[in-house]
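**Q** Sharing the record's features from TrEMBL:
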type	residues	note
DOMAIN	A:68-101	domain 'NADH-Ubiquinone oxidoreductase (complex I) chain 5 N-terminal'
DOMAIN	A:132-411	domain 'NADH:quinone oxidoreductase/Mrp antiporter transmembrane'
TRANSMEM	A:30-49	transmembrane segment
TRANSMEM	A:80-98	transmembrane segment
TRANSMEM	A:164-184	transmembrane segment
TRANSMEM	A:204-228	transmembrane segment
TRANSMEM	A:269-291	transmembrane segment
TRANSMEM	A:303-322	transmembrane segment
TRANSMEM	A:328-358	transmembrane segment
TRANSMEM	A:378-400	transmembrane segment
TRANSMEM	A:420-452	transmembrane segment
TRANSMEM	A:473-495	transmembrane segment
TRANSMEM	A:515-536	transmembrane segment
TRANSMEM	A:636-653	transmembrane segment
Amino acid sequence: MNLILASIAVLFLSSLVSLAVQGKPRIAGILGACGSVLALGLGIVPAVQALMGSQFAPLAFASSMPWLSFSMGLDPISAIFLVPIYILSGLVAVYGTGYMKPYAEQKNTAFYWFFYNILVASMVLVCVARNGLFFLLCWEVMALSSFFLVAFENDKVEVRKASWIYLIASQLGTVFLIPMFILFGNQSGSFEFSSFYNCLTPAAATGCFILGCIGFGTKAGIIPFHVWLPEAHPAAPSPVSALMSGVMIKTGIYGLVRMITFLGMPPLWWGMVLIAIGALSGILGVLFALAQHDIKRLLAYHSVENIGIIVLGIGVGLIGISTGHQTIAVLGFAGGLLHVINHALFKGLLFLGAGSVIHQTHTREIDHMGGLIKKMPITALTFLIGAVAISGLPPLNGFVSEFLVYMGSFSGITSLEAETAMPLAGVIASLALIGGLATACFTKVFGIVFLGEARTIQLDHVQESPASMTVPMIILAFSCVVIGLSGPLVVRLLIPEVLAIVPISGPFVFDPSEWLVNISIVASGLVVLIILGAGFRKFLLSRRTVGQTVTWDCGYAAPFSRMQYTASSFAQPLTDLFSAFLKTKKHIKVPADYFPAQASIETHTADPSNERVYRPVFAQAVGLLSRMRALQQGRIQIYVLYIVVTLIALLLWKLR
Amino acid sequence: METYIEASVILLLLTDIALFGTSRLYTCITIAAVQGVLLGLIALFANAETFIPRIIVIASIGIVIKAFVFPYLLKRTIRQAGVQREIQPFIGYLSSLVVSLVLFGVSIWFSAKLPLALGAGRSMIIPAAIMTMFTGLFLIVARRKALTQCIGYIVCENGMYLFGMVAVGEIPALVELGILLDAVAAVTVMGVAMYHINREFDHIDTDRLSSLKG
């Protein structure tokens, strides 16, 4: 516990120090990154120990505010979230020193490091806080510091707009969390987490569940509360997107899991609600990702999809608890929670890869890129590993966690009654659909960005990113492979921790690692085969001359790179199939005559929940609230008058 | 001693009412200075029998600062800004006087309701203190010039000082000095700020500063 405190202190200190040396951006960057890396070294030790089963005594500092106490604790649930937070923030900080270098001339990068380290510290605090008010405080610090990071390039109009959307969304989410904690505090008589367990009546528990799903779901980005994700991620600097998408949105999942442990025995429909939310987020998330042209927007929608998978896992776990089937519960929770770690690794990797590409090409449009694998081999290879992992293909880590959720659902189908088995069958169907669509989507991204030839960008100036950026990506890719291959070990490590969450006693008899061992053996064989094949190719080519020619020829007399297949055309069969959901707008200019001179097609996929739900609601709200403007005169005299009137009214009320 | 205290308190109330009806900034500053002297005198009279050196020292420091330092700083600001009087206040001077009478009634009602144990001959001090606070707040709310608002702040602080002196009695010296230091710093900062506002905008009308809104 002391090491966690030390890491938080280091983070706050380094954020202040980097602000103090803002005149020298290089030093500020190094000091800021050092803070995160040092915190990684300090904090990972107790986090891993807690995962291994060590017990940590809780800490509490009293405060002068009523109900608030700075109590902290470390248990396996916190540790599952702390491990990716520490790892990803350390690596992303190293990456940031390289990524931020070009900004140092125009912007004050010290602010970036200041808010970066505060964001990391607040995420750690959210995971260890054990008091409702303290939790909310850290939650707000996290929201605000990430808001400032999203708004880093605030000289651009679209960045300002996106960061406002993010701020409003996260504040609205908190609006639902405050009554939830008040309900807990009201019924238990204290804001300490330790007093929350089973303190609620069933009706209050249902209220808390709904409030928590909305409040935490907004941070996590489940549909329909996901609108801020596709706006904020393209606007933020790439390392910030990686950190936010990789670990910050997971604090929403942490809150959800933590809340569920307080609520006692869940009714069956809670699990079904979570499965419905998860399936909706997963399928719609990946569909909208498929229709995007902006690489970071696309990755943002994939975050929605993966949060959907995590929520599916938790939903399966809840159904297991409420039907009393330990196997289903453990597999569901284990799958969901392992996917938290896995998604942090591969989504962080993908955003860093995208950042590395954007850093060199200065565009986020997928259709402008192409052929980057020749110039940026390391970025391409690590991005490929991340893409395979996020698609849930063996032998990488995404597969392991999705496999657990699959297994949980299958064992539920075989052992449960028909009505309760139906949603689990839905889980299997939607996971399969998500996996397939995600594979299609990442085939599109990788193929268009890295293969073929450059479309409108100039490849001459493109080069591989510096080592400070590639090394974190290599480490992340490597850990994806390691977790994928050592799946059985990881699962065995995780199951005792998950058993602690599941309130069903009895020995755990089912061991999913048996299957995983076989898969790992086959997968390792595959990796060996790939390496052998690459070696054999090199051997064959070693004594021959290798010629190079254009990638696309197609029998044209004068082919040029713009004739290549585009991302939109690749996705078109699928987007047409799902056009009922996507409502893609197309502006087509069909070529006319026998000698067509001009033709064009433009597609745009707007977010329906944004267009049809939030925009009308907010327009109404603005209309209503603008009448309140009369109160806000912008004159200091009026404001002082408000204060005086309030004080006198209070005094009168008291003296009455 | 009670007679002296009562006389000073009544003088204080008169200065409050005078502030409601004065448009000349020079006069306002002078009235606020007189108030400072009166406050120091009340503090001295109230503790004349016990004769605590600490209170005498603090009261004298208060008199010096409020009667000489503040007027000096404020008058210098007036010369720099070149404003003489409050023109077009939000509430006219005749209506201000009416408001002052209403507020005086309210403060007497308040003091009757407030559960405070007071010595003989001090029954008027609490209404006077509340009235002085009201006067300061009124100047801040109803006047346009930044300088008048600064005076309002000082007057409000005077009221709190008087209230604290009676209601709490033994205020630690450090707190009293802290309040004084606070007021000095505030007046200095306001003076500098007004000078700059004036140089930038050619006026110190706070309501016209709303063009700075984002």
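Every residue, even glycine, has its Cβ placed from backbone N, Cα and C.
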**Q** Using DSSP, break the domain 'NADH-Ubiquinone oxidoreductase (complex I) chain 5 N-terminal' (A:68-101) down into helix, strand and coil residues and give each count.
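**A** For the domain 'NADH-Ubiquinone oxidoreductase (complex I) chain 5 N-terminal' (A:68-101), the helix, strand and coil counts are 25 helix, 4 strand, 5 coil.
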**Q** Could you tell me the mean pLDDT over the domain 'NADH-Ubiquinone oxidoreductase (complex I) chain 5 N-terminal' (A:68-101), as a whole number?
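**A** That stretch averages a pLDDT of 91.
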**Q** Any residues 6+ beyond the ends of the transmembrane segment (A:80-98) with a Cβ under 8 Å from its own?
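**A** Distal contacts: 4, 7, 29-30, 32-33, 35-37, 39-41, 43-44, 47-48, 50-51, 74, 112-113, 116, 120, 123-124, 127-128, 237, 239, 242-243, 246-247, 250-251, 253-254, 337, 340-341, 344-345, 348, 352, 355, 465-469, 471-473, 475-476, 479, 494, 497.
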**Q** For the transmembrane segment (A:164-184), give me same-chain residues lying six or more residues beyond its boundaries with a C-beta closer than 8 angstroms to one of its C-beta atoms, as numbers and ranges.
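**A** Answer is 132-133, 135-136, 139-140, 143, 146-147, 150, 191, 196, 199-200, 204, 207-208, 211-212, 214-219, 225, 227-228, 231-232, 255, 259, 262.
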**Q** Can you tell me which parts of the same chain pack against the transmembrane segment (A:378-400), counting only residues 6+ beyond its ends and a CB-CB cutoff under 8 A?
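**A** Sequence-remote neighbours of the transmembrane segment (A:378-400) are 302, 306, 338-339, 342-343, 345-347, 349-350, 353-354, 356-357, 372, 434-435, 438-439, 442, 445-446, 449-450, 464-465, 470, 473-474, 476-477, 479-481, 483-485, 487, 490-491, 516, 519-520, 522-524, 526-527.
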**Q** If you count Cβ pairs under 8 Å, which stretch among A:328-358, A:420-452, A:473-495, A:515-536 touches the transmembrane segment (A:269-291) the most?
**A** A:420-452
**Q** Using a Cβ-Cβ cut-off of under 8 Å, list the residues of the same chain that are 6+ residues beyond the ends of the transmembrane segment (A:328-358) and lie near it.
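**A** Residues 80-81, 83-85, 87-88, 91-92, 95, 99, 233, 237-239, 241-243, 245-247, 250, 253, 257, 295-296, 299, 302-303, 306, 309-321, 364, 369, 372, 376, 379, 382-383, 385-387, 389-390, 396-398, 400-409, 411-412, 415-416, 424, 449, 465, 469-470, 472-473, 476-477, 479-480, 483, 490-491, 494-495, 498-499, 501-502, 504, 508, 510, 512.
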